[in-house]
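The block underneath contains the structure these notes are about, expressed in structure tokens.
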Amino acid sequence: MITSELPVLQDSTNETTAHSDAGSELEETEVKGKRKRGRPGRPPSTNKKPRKSPGEKSRIEAGIRGAGRGRANGHPQQNGEGEPVTLFEVVKLGKSAMQSVVDDWIESYKQDRDIALLDLINFFIQCSGCRGTVRIEMFRNMQNAEIIRKMTEEFDEDSGDYPLTMPGPQWKKFRSNFCEFIGVLIRQCQYSIIYDEYMMDTVISLLTGLSDSQVRAFRHTSTLAAMKLMTALVNVALNLSIHQDNTQRQYEAERNKMIGKRANERLELLLQKRKELQENQDEIENMMNSIFKGIFVHRYRDAIAEIRAICIEEIGVWMKMYSDAFLNDSYLKYVGWTLHDRQGEVRLKCLKALQSLYTNRELFPKLELFTNRFKDRIVSMTLDKEYDVAVEAIRLVTLILHGSEEALSNEDCENVYHLVYSAHRPVAVAAGEFLHKKLFSRHDPQAEEALAKRRGRNSPNGNLIRMLVLFFLESELHEHAAYLVDSLWESSQELLKDWECMTELLLEEPVQGEEAMSDRQESALIELMVCTIRQAAEAHPPVGRGTGKRVLTAKERKTQIDDRNKLTEHFIITLPMLLSKYSADAEKVANLLQIPQYFDLEIYSTGRMEKHLDALLKQIKFVVEKHVESDVLEACSKTYSILCSEEYTIQNRVDIARSQLIDEFVDRFNHSVEDLLQEGEEADDDDIYNVLSTLKRLTSFHNAHDLTKWDLFGNCYRLLKTGIEHGAMPEQIVVQALQCSHYSILWQLVKITDGSPSKEDLLVLRKTVKSFLAVCQQCLSNVNTPVKEQAFMLLCDLLMIFSHQLMTGGREGLQPLVFNPDTGLQSELLSFVMDHVFIDQDEENQSMEGDEEDEANKIEALHKRRNLLAAFSKLIIYDIVDMHAAADIFKHYMKYYNDYGDIIKETLSKTRQIDKIQCAKTLILSLQQLFNELVQEQGPNLDRTSAHVSGIKELARRFALTFGLDQIKTREAVATLHKDGIEFAFKYQNQKGQEYPPPNLAFLEVLSEFSSKLLRQDKKTVHSYLEKFLTEQMMERREDVWLPLISYRNSLVTGGEDDRMSVNSGSSSSKTSSVRNKKGRPPLHKKRVEDESLDNTWLNRTDTMIQTPGPLPAPQLTSTVLRENSRPMGDQIQEPESEHGSEPDFLHNPQMQISWLGQPKLEDLNRKDRTGMNYMKVRTGVRHAVRGLMEEDAEPIFEDVMMSSRSQLEDMNEEFEDTMVIDLPPSRNRRERAELRPDFFDSAAIIEDDSGFGMPMF
């Protein structure tokens, strides 16, 4: 009996009004007319159906025939009039109102309950996707288990889908209709039919049996039905409880009347009504008890995540709907345990269920023990690897904070605080909401009302802004102010837009008794203020958050315009004052100068505010003259560029001010250069500083402004030539002169490309570029590293800009400006990369120790080296530098993988797209270089087991993996690689005689790593080519020094069948792993092999480039555990060592000439192909027959297994290991709590009860 464990169902004092469908009271006629129940405490039978009388047989058979005419697996069958004939069809189509459908069924039940019940049984069977139909003989003579076993045999084994999992809007609608049908059915039957001890016993017994099936479709569908059935029963129980309370109050009121006014008949009637309600409630509790213990406690830990999620979602509904009965530790423990589920969707349902409870503050006392027990787990879930779960966990923690601030410790809050800096915006916004609730919510209404009358620094926002600044400084993430502002934007927008208060805090002196802001606090406030201005003006998240700019709605657009006007009108006046106050502080000025780019500059004219523009220009000029820091100068230059925009009327005024400023600096620069060059080595520090400071300012302005009319290139070139010839020029001057000259050349190129240049203009620019490239090349040998790095970067940039691509887009007239680097320059660039990028870690550490630089400087140095490598790699990718130069880069792939692995891999991928053959030659060349270096270090007698040899072999293995799975596509490239490798191995003869191995013979062991990428017929051809270099003596040798040759030969003559199958897999598409494939589609590899031209030679191949076709998307990884593919298995087999290459897949081109002759005849090839395919079809059929639809429910099943490399498998294992298990470990504080009350959350109790729990639930 439920009543023993849930006294609240008996003693409920809930005074909430009843639901509209139940009414305030039960009709007396319904109470009196209800038939007597035999054994109200008897749970429904789960084994045997009630027997039917012989007289009912014909009627039942007629009903079964009517109910069974529809097909189950989603294909409706209609009668002659086009109307659906089964409940399944009616619910699936959803054309009729659900209440009318249920009313029709109830009417049928009243006429003949067996026919109606059988229709309902077949409804659940068909909703599971089963083709079978329960017949009268089965219904009468077989137990539930036998019926379910019979229905299991009727499933369509070719498909793993069933209505609840089928895609498409129709089936999504079906799920909602299915749930609605169950709810309406119980609601309409709640006054009579559900108490007849027949309907509910039969339905619950069937659903209990189906939920214990090994067939996923049965288990999933019946669990959903049972949980929705339970939810409807909970609603009925709640209504009964309310009616009981009302009846009890009426009875007490009548009994308390004076004897003369008391109506005894009414007292008896109320007493009888109360008794009937209690009996009904006992009956409902028995039903809920059967569903909960028979279904929920087993299925909430089902192997299928969707089933577990259904259980948790519904128990949350029960606890919220009927909190007096269900919101206690006996039920909450299931949600708490499932917080550790390994699947994110289940954890998400747990959090959603808890959110609905914590939203109601009246329920907090009942949640106190649960909060104490699972608070740590909930807080830790804010760092969940699935962002959706993390967001909901943060929202739940916010609700807990809102209900009781004492529930969370300072440490718990700090764990959420730092998430405002998360790159994932929903997580950050949720954390911002938490931060707003904790720090910025005002809780004193009187103080708020008093402060609301004040404005500026004394307004309510004044203290909150100070608090925000302190939080920002304490977080020690000062480069992420934009992220902090974005996180708080939705919850604290009013505070963040109070720019008046911010500027008053910065400009006004503190009043007496008020603590002044420190320099750090002022800098932080300025940075935050600029970020709020950007957020308001642009109305989209900062870089790194979100996928890009979205289209604003009309309301958002209006808000953006209003905010932009508001900030413009305010800062047009206050910005000059802020610049004046903080003009000496470079960091503050650089931030303040970001503000004008967000102005609506039209307001200067429309608002008659030109005087404020003059004040701003005056302050900017003062800042330029005062500072030489690059950040400040670039900010000033950008501000001038924005104010000079041609679409605004203020452009002329700003252009005049800018020209005057540039004139002054150019005159000063020309005079200081003359003084410096005249004095030569005798120049003092003042002369050097004058040149350097002025040149820095001009370089910063030249970046954003066309200063070619001032001819800065001439003096810069003079400084560079003097530095090269005499070597006494300071490195900073050289660096700035190089950069300024570079900008000058680019602006000249812009003029030429935008206009109609004459031949003379082209020749002048060509001469300028040629002379500057020569200077940069000479600077590569400079003793100062910054000079060399700057020269290298500018060389790479200019070679890219003035390459053959300059003529694309109809600009053939610019051909005189194209520069192709000669061999000497290419060698110098490559040597620079080798010397400055691929440096040993020890050398780097020593240099860092000598300069006393910290970890941040190491990261900065690595960033510079990565830029150098990327600049040179672009020259290779765009065919400006010969591809063979990449060999020196590829050979460092393993050693410097952590630092440059992504750059090198991308370079390899792009070069392969340019020319597969040449790329393969480059790869083998890089391995040959490493081998030669090793021979020079250790001599010709290499130790094959040494780490150096193993490293080369590992690098070769990695290179082999990059060729991908499609061996036909890479066939000629791999063949060429083997050809070059063999020639290298036998290039030199041993000076001691032919009986000794060639010096490079050990290289064959490295080459054998690529043998798995050869086709079967190509292995024979390569073997034949190898034998041309072998003598009879070599073939007979078995000494250790000849083992590389033996190993390589073995790799070419073994594995034929495996390679044959790998060809098939390489030609298959990504659709081979799908659940269902189109019938009759021929295997792709057969078609390709038949179309292949196999009569071309490879031995005499020339090195002509073969352009590859365009890329196609790489095949997707799909699940193959539970749902086998109906296509031949030959299309799915892949080599164990293969992985998806970095190169995208290409369409096979039958016209491409494939070399390597000596292949088997085409007829023999096709015959073996057909034999292999027939065998695979047999294997596939056997797998389908054995597989069936059975599943074990002991452990969750992971389906994603098509991983193609060891690293991917390791990543998958790590992902599974760090997910959460369902069961909690024993609590550390269980002993203390056990003295006070039982610990309902102890997951160790799971093993103590056959139902899964150590304590009786009911």
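Glycine too: its Cβ is placed from the backbone N, Cα and C atoms.
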From the candidates Ser24, Ser518, Ser758, the one which Swiss-Prot records as phosphoserine: Ser24
Ser159, Ser909, Ser946, Ser1093 - the residue Swiss-Prot records as phosphoserine: Ser1093
Listed as phosphoserine by Swiss-Prot, one of Ser12, Ser1062, Ser1227: Ser1062
Listed as phosphoserine by Swiss-Prot, one of Ser53, Ser756: Ser756
Annotated SUMO2 cross-link residue, as Swiss-Prot has it, among Lys273, Lys437, Lys953, Lys1161: Lys1161
DSSP-derived helix, strand and coil totals, residue by residue, for the domain 'SCD' (296-381): 71 helix, 0 strand, 15 coil
